[in-house]
Amino acid sequence: MRRLGPSTEGFYDQLLKSCNFLASLRQIHSSLTTSGLINQALHLGAKIIIKYTTYGEPNTARSLFNSIHNDKSYSFLWNTMIRAYANNGHCVETLELYSTMRRSGISSNSYTFPFVLKACASNSLILEGKVVHGDIIRTGFLSDSYVQAALVDMYAKCGQTDDGCKVFDEMSVRDLVSWTVMITAYEQAEKPEEALILFQKTQQEGLLSDSVTIVSVASAVGQLGDVLKAQAVHGYAICNAFLEDLCIQNSIVAMYARCGNVEKARLVFDMMEKRDLISWNSMLTGYIQNGQASEALLLFDEMQNSDCKPNPVTALILVSACTYLGSRQLGRKFHGYIINSNMKIDATLRNAVMDMYAKCGDLDTAENMFNDIHPSERNVSSWNVLIAGYGMHGHGRKALEFFSQMLEEGVKPDHITFTSILSACSHAGLIDEGRKCFADMTKLSVKPEVKHYACMVDMLGRAGCLYEAFDMIKQMPLPPNDSVWGALLLACRIHGEIAANYLFQLEPEHTGYFVLMSNIYAASNKWREVGKLREDMKNKGLKKPAAFSVIEYGKDIQGFHTADRVNPYWKEVYKKVESMAVEIKMAGYMPDLSCALHDVEDEDREHMLNYHSEKLAVAFGIMNLTPEAVVQVTKNLRVCNDCHSAFRFISYIYRRKIIVRDANRFHHFEGGTCSCNDYW
């Protein structure tokens, strides 16, 4: 056999370096095989193996590996094949080859373990990772810095931050990569405080962070929602010239948005010389996270005029904007855009569009989309969307029908399914059915969570089973949270003060609970207690969120605040709402004065009720929409008792169908009744 000389070896080395096509690689491989030179220079065979795997030909790479007989016991070639598998996402093959290597008696080393651990980390294979950890200890490579870093990374990506921290603390040499892996692990485990403590330690040790570190730190600060820390990270990035990195810029935009400072996020976004898809999606997400859906839609118009093409993630963000606004018209328009742009519609996006239609009041379209999905492609989320949609609209029986059909088709419900079906039973007053669904949870291998108990307390409380609801709270195997006590507070007056005391301890800055308790006192004419609560809110610097209601009119959306004098139509709307108040009073409507401020005369309180945001929006709709058109209003807060009563009378007198979507559910008013049967 002809030996491979230095000049020949160098020639093939250069050929492989310049090889950019699979066809060329096959020719080089063929030449080396034909001449028998493939077994003489293992590093050439190793390079071909790596190239094949990079080009998406792992089976060809493995065949070459199996065909090389010379020095097969040498671990270099095994490590090459393991590395090629791991770097290209072939995790199962990596672990299979590693197992074969062990059985063959080939010695693993510091080049083997990092890539095997990488494969475990990629698929969160924690049990396999711990087996490899044991092999590392037995073979004496635990002190190797590269192996230690790979172990930390594996535990971190498998969500085992405590185990990763133990390895990290025992590391003899900790470089920036190791610190960053641990910082990222805490950030991804939603332990932002721990991530920032480690970041401070890197600075104390004089390590200059890189872009990967700053991205993780920015995300951790975003989780904390601390604007001051966000400004500090931004300043650090500027001082160390990191803002030239697009990834850093994107992370700072997202960080400010998560901290609620959308203006600063937009300022950074506008100053970016170059923007990629992540830049646009980060800013769009920021607007949605902060309740600025209209601004997100305006930014999307700008995006369409840029050279950046929207992707399914962009579509998900914009679908949530339409959902937030409750705009059926915008929802249909955007759905059409998704279809016409030939965007890939996966199960997540399809379910989001279905959910959008349901939450915009178009249940028929949502159900039609569901029916168009092949039964084998319907996942649990698809069923959850319809169950939640019908429950939200007060159609509890229909929600139960879908739940039964879901079980018949062998789809396993999850915790979201039961939250949706229990909520549906609560909104429709289906107490026995709700009790049965709750009892069936454990039979269907779903462990009840606090939110499920909150649904049950809400359901029992609304039905007047107050003592049963209170007993359920006392017997809970989990500590009741603000949702549980809030459900009791919302539903009853007997245990109201008990629930309120717990709530003010659990969520001392949640204005909604103060308002709820204030309403309970007001309904009982306990004005001194109302005054005390409002004084407490004032001392804590808490303010009730401003009520805001929107209604679609043609291609426009009109919005109204309570007692609005900014909307251009406010004068005409005031006249209309005042005339409606006279007409419905003649039909038997009685104003609920507990829904107005307590420290004014009854006449003034009754007058103030007329200017609630949802009443102004409904009046605008009746004035401007055709008689057969549905008046659909979306409100950011819960609709008040007085408005709910007024809309029943308005729907009867004006023979109009009125739909009001508030923060909790839909109310369909028609012929003097509401879909909730006043059970809310």
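Note: Cβ is positioned from N, Cα and C throughout, glycine not excepted.
The annotation repeat 'PPR' is assigned in TrEMBL to 74-108 (among others). Broken down by DSSP into helix, strand and coil, the repeat 'PPR' (74-108) contains 26 helix, 0 strand, 9 coil.
Outside the repeat 'PPR' (175-209), and at least 6 residues removed from its termini, the chain residues within Cβ reach (under 8 Å) are 145, 148-149, 152-153, 155-157, 159, 161, 164-165, 168, 216-217, 219-221, 223-224, 229, 236, 240. Among the features that TrEMBL reports, repeat 'PPR' is placed at 175-209 (among others).
If you average pLDDT over the repeat 'PPR' (245-275) in this model, you get 96. What TrEMBL records for 245-275 (among others) is repeat 'PPR'.
The repeat 'PPR' annotation in TrEMBL covers 276-310 (among others).
Annotated repeat 'PPR' per TrEMBL: 379-413 (among others), in sequence order. Outside the repeat 'PPR' (379-413), and at least 6 residues removed from its termini, the chain residues within Cβ reach (under 8 Å) are 347-348, 350-351, 354-355, 358-359, 361, 363, 366-367, 370, 373, 420-421, 423-425, 427-430, 433, 437, 444-446, 665-668, 674-677.
The repeat 'PPR' annotation in TrEMBL covers 414-448 (among others).
The domain 'DYW' annotation in TrEMBL covers 588-680.
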The repeat 'PPR' (414-448), counted residue by residue under DSSP: helix, strand, coil: 27 helix, 0 strand, 8 coil
